[in-house]
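**Q** What follows is a single structure, and I will ask about it in a moment.
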C-alpha cells in the first residue's frame, strides 16, 4: 500500500543525515529590507563597474564634448550618452539590490510541509545547506548562501545572483552598457579625426599626450565592454526565449516544465503586456501569481 504522505527528498545525496525536523522554524524575511550580498569580491567588482562608467563619463564630457566648437553636436551626444549611462547604472543598482528570488531559509520543517497540503505521492525537495524546501528549477548559490528560484548564474559584477526576480534588470544593464560602449567608440573615432584635421592643442583642454592616452584608454574600455556585454545580452535573451537557465544548460537538466512560446517567455521576465516599461529599470515586472513551490511527481 502506498503511503498517503508526501515523499521528502534531499537534493544532495549526502544530506540524508539532515531530516526535516532538525530544521529551525522558517524565517520570514522582511520585504522592506534591501537585498545586499556581503561578498568582498562582488563589492569590489561592483565598485569597479561604477568607476569605469564614471571614467568614460569624464573622458566623454571633458575631453570630447565640452571642447567641441559644435554646440549641437555636444548637446545631442551629451544627452544620449548621459541618459544611457544613467539607465545603465540604475539597472545595475536594481540588479544588485533586488532579491533575485531567494527561497525562505529554514522552512523545511515537518509542520510547514504538512501545511502545504500536498497531494499523495508528491515529491518535496530540500536543500540541506540552507534547510529550505527547494522549488523546482531552484539552485543553491554558495556566495549568496541561499536557494534562488530560476537561478541563471551568480554575477560578481552586480554582486548578486541573476534569478527569477532580477533578470530583467541584469538584461537591461548589459544592454545599456553595450549601447554606451558603442556610442563612446563612435565618438572617439570622430574625435580622433577631428584632432588630426585641426590643431591638437585646440581639440581638447588637455595636452596632446594626455588626450591621446585618455582616448586610447576609453577606446580599449569601450571595445572590451562592448564585446563582453553584447555576448552576455545575447546569451540572456537566448536563455529567456528558450526558457532554460544557464545552470540548466550547463548541467543538461531534463526539462520538466511546460514549454511556452518565446514571446510568452519574454513577457514572463519583462512583464505583461509589452510597453516602454520593458526598457525601464524603475518598472517592476508583473511576474503573475505563479505558485512559488512547484513539485515534481
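Just so you know, glycine gets a Cβ as well, placed from its N, Cα and C.
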**Q** Can you check which of 71-90, 91-110 TrEMBL lists as transmembrane segment?
**A** 71-90
**Q** Under TrEMBL, which of the candidate ranges 14-39, 40-65 is annotated transmembrane segment?
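**A** In TrEMBL, the transmembrane segment feature sits at 40-65.
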**Q** Averaging the per-residue pLDDT over the domain 'Palmitoyltransferase DHHC' (126-252), what integer do you get?
**A** 91
